[in-house]
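Per TrEMBL, the features are:
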type	residues	note
TRANSMEM	28-49	transmembrane segment
TRANSMEM	61-88	transmembrane segment
TRANSMEM	109-141	transmembrane segment
TRANSMEM	153-173	transmembrane segment
TRANSMEM	185-208	transmembrane segment
TRANSMEM	228-250	transmembrane segment
TRANSMEM	262-284	transmembrane segment
TRANSMEM	362-384	transmembrane segment
TRANSMEM	390-411	transmembrane segment
TRANSMEM	432-453	transmembrane segment
TRANSMEM	459-479	transmembrane segment
Amino acid sequence: MNEAGNSIDQDDALLQAQGHAAELERSFSWVGAVGLAFSITNSWITYATSFGIPLSLGGGIAALVSLILAAVFQWIVLIGLAEFCSALPSSGGQYHYTYIVAPTKTRNFAAYIVGLLNIVAWWVNAASGTIYVAISAFGIAELWYPNMEGAHWQIYLCYLLVIVLTLIPIFTVPHKYIDYLTKGAMYLSVIGLALVSIVLLIMSRGNYHPENIVSSTASSGWSPGPAWLMAIGTGQYAFFGTGACTHIAEEMPQPSRKLPRVINMTMLIGVVTSVIWILVILAVTQDMGAVQAASLPNIEVMYQATRSKSVATFLQSYMTLLYYTCIPSQWITCSRITWAFARDNGLPLSDYWKHVSTTFNIPVRTTLLSAGFCAIYGLVYIASTEAFNSIINTTILMLNITFVVPQGIVLTRGRHHLPKRPFKLGKLGYAVNAFSVIWVTIGGIFLCFPATNPTSLESMNYNSIVIVGVMVIILALWLERRNKFRGPEIDWVFINANNRED
């Protein structure tokens, strides 16, 4: 047997030692895994959807520096997660790690809460990406027809169309070629950054405004302290999706070694691309007040810089295509998390949801379940955009909570509860784990602050209410599943014998 075959056999044996049989084809290369993580995170275009908030909180300097600080803070959290990926690679991700390192008496409860919180966060994150494709398309139309305002039901119908269109690659591209799909999405994004930056810089030459980069004009009404912490929290939206790669651990060879590299490379690409983008955007902005007031700040900047509706339309259309390419990778992530949780009997009708299609070699049922949730959740947008956006805004907090729960457990119980692993933080691990827990706690508080002060019903932040509501639902499901949910049976001897420390 060749070396690749031996590696896959060893990976499958390590997975079996964690209580699960290998059911998915290991078809992702590490570059393809970076493509999946980055096509979801897509830091520069993700920040394009939200940079208006840091602008209003502290001007151009806040939009730039808070992005960099958010990247540093989120990277530290993800480095802590990467160590768990290296020790215990599994599509279950955070709930799997939590179950293994938590005390015996509480591990079922802790893992169940983390697992469902992770699923809900990724489902809602998929909905946020999908709705922005629809909103971006309507934004282009409104550029040409200023008096036009898309009705909520029209945007929802477009949202449903996007769901269908983004599912097509999942069911038409053979699983062994999905690796090329995620690579292609990453390359399109990098090309897009170069294209948008060059066009904006060329067409606005002679009208650069570098002073925007250091401007501190705010319009939120918050004092600098809370405003900056809120801006940093918003900046995390550009990076937190990097953790998606943990959920294809069973679909790539040597995940113990490669997943930490994937996380770090995705973060590096994300930081470089997003910083380049925000520097260009700030330099070519002609009217900062108009950008801060715009419903779609990104298209407003492009129109100001190019002074051409046609060019701005072309650039925004390309970015809309990039938003579209984010979604198939999100369906992959959502389906793998949900499938893994059903495999451990965490969902009602788990025997049905844990099925892997022999035709497509993927968990089709959980893919459709994830899409179905997003379709139903989208109805909230028709009733209230504030409610829809509030739930979306909680994804940063919910996912970061799942990232730090296992880190908090080993911080209090001792890091010796982790098995041998190629990516080992050593003594630095305590500092990483402690910082992750502290930052997510502090940052989470400020993620619940409203964007403006004083606030109103329209600008109120309902994140805290949403989190409580989600937790109530999860606890209700726990009462029904507490005697049925089961975590993996771990062969510690095999894991420690076969995991190598670099």
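Think of each number as a place in line: the chain as shown, counted from 1.
Positions of Cβ are set from backbone N, Cα and C atoms, glycine also.
What you are looking at is a predicted structure, and each value in this text was computed from that prediction instead of being measured.
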Long-range neighbours of the transmembrane segment (185-208), counting only residues six or more past its ends (CB under 8 A): 34-35, 38-39, 42, 44-45, 269, 273, 276-277, 280-281, 283-284, 286, 301-302, 305-308, 311, 315, 318-319, 321-322, 325-326, 328-329
The transmembrane segment (153-173) touching the transmembrane segment (390-411) per 3+ Cβ pairs under 8 Å rule: no
The transmembrane segment (153-173) and the transmembrane segment (262-284) contact flag, 3+ Cβ pairs under 8 angstroms: no
Chain residues in Cβ proximity to the transmembrane segment (228-250) (below 8 Å; excluding those fewer than six residues from its ends, i.e. six or more beyond): 15, 20, 22-24, 26, 28, 33-34, 36-38, 40-44, 46-47, 49-50, 53-54, 57-58, 62-63, 66-67, 69-71, 73-75, 78, 81, 85, 89-94, 122, 125, 222, 259, 262-263, 266-267, 270-271, 274, 329-330, 332-333, 336-337, 340, 395-396, 399-400, 403, 442-444, 446-447, 449, 451
Considering the transmembrane segment (28-49), which listed stretch of 109-141, 262-284, 459-479 counts the most C-beta pairs under 8 Å: 262-284
Recorded stretch, among 61-88, 109-141, 262-284, 362-384, maximising Cβ pairs under 8 Å relative to the transmembrane segment (459-479): 109-141
Contact ranking winner - 61-88, 262-284, 362-384 against the transmembrane segment (109-141), Cβ under 8 Å: 362-384
Close approaches to the transmembrane segment (61-88) from elsewhere in its chain (Cβ under 8 angstroms; 6 or more beyond its ends): 18, 47, 51, 54-55, 94, 96-97, 100, 213-216, 218, 227-228, 231-236, 238-240, 242-243, 246, 249, 255-257, 259-260, 263-264, 267, 270-271, 274-275, 278-279, 282, 400, 403-404, 406-407, 418-425, 429, 432-433, 435-436, 439-440, 443, 495, 499
